[in-house]
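Here is what Swiss-Prot says about this protein:
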- Pro97, Ile98, Gly99, Ser100, Gly101, Leu102, Gly103, Ser104, Ser105, Ala106, Cys107: ATP binding site (BINDING)
Amino acid sequence: MSVVVYAPASIGNVSVGFDVLGAAVSPIDGTLLGDRVLVELGSEAFTLATAGSFVDKLPENPKDNIVYDCWCVFSRELNKKNVALKNVHMILEKNMPIGSGLGSSACSIVAALDALNQFHDNPLNDVELLALMGEMEGQISGGIHYDNVAPCYLGGLQLMVEELGIISQEVPCFDEWYWVMAYPGIKVSTAEAREILPSQYRRQDVIAHGRNLAGFIHACYSKQPELAAKMIKDVVAEPYRERLLPNFAKAREYAASAGALTTGISGSGPTLFSICTDKDVADRVSRWLQENYVQNNEGFVHVCRLDKQGSQVTGSKL
């Protein structure tokens, strides 16, 4: 018996909701923009193999891989429930560039924990599993946060609430939106991107941030796509992180001139997203970004839609 789980890319923050909003996305051409993890019965307690486009970026020692840490915390939780742990052999297919702003670590974490849970007949519920995912994300970035793991696991646009035992809740979004995702092929570490942020903010920025986020959520629920797009502005991180992203300002300017509704930084970058309502506009923006924002052959551009499913079992073989 074996199981394979695919976990999609995600946009942390979605510009307007620093650390509290996240959206899962998938290319419209069917490309799997995300990681896959296979779990099968093993001869030892834990073994790990790696594969995929970005396998050379992973640590050589399996015990330095986040998938091993996922297995450790999953084992811990099963032990608490007195559920027997099976010997597992796992394969991580690493298709997501590391430090890309596409929720790369979240993809590996979500795929690994979801696959382990599926393989053991789902002893952990969604909230328990999501809590572990946040714990693992915190191990990498230095603080527990859910804005990538929640949409990656649950799908859609997720708002982190973290009250009453609820970690996140889905916010209705707009099916007609195309999300053009452009990764230039360079790395920006989440830790570095956090270090350049100020420790205190001016009152007017706090007010603007509250207005933008409240306005965006209201527009999503009241089905006002133009207003929602107008509210996607970042006063918390983008003004400080722009300098880490070569050509970001030019890309945003071009996208606006081509008809995109808004452009922002995905997570801590360097990936950007542009939202368009017209497929021709999305294709035009995509072509420009491919020629002017992508810097090497590791970079890519995809026209995406919101991925409403999140992580999913794709079969029993990679």
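Using the three backbone atoms N, Cα and C, a Cβ is placed for every residue, glycine included.
These numbers come from a predicted model, not from an experiment.
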Cβ-Cβ neighbours of Gly101 (ATP binding site) (radius 10 Å): 30
CB contacts for Gly103 (ATP binding site) [other CB atoms within 10 A, all chains]: 32
CB-centroid shell, 8 A cutoff, ATP site Pro97, Ile98, Gly99, Ser100, Gly101, Leu102, Gly103, Ser104, Ser105, Ala106, Cys107, site residues removed: Ala9, Met96, Asn148, Gly267
Reduced DSSP assignment, Gly103 (ATP binding site): coil
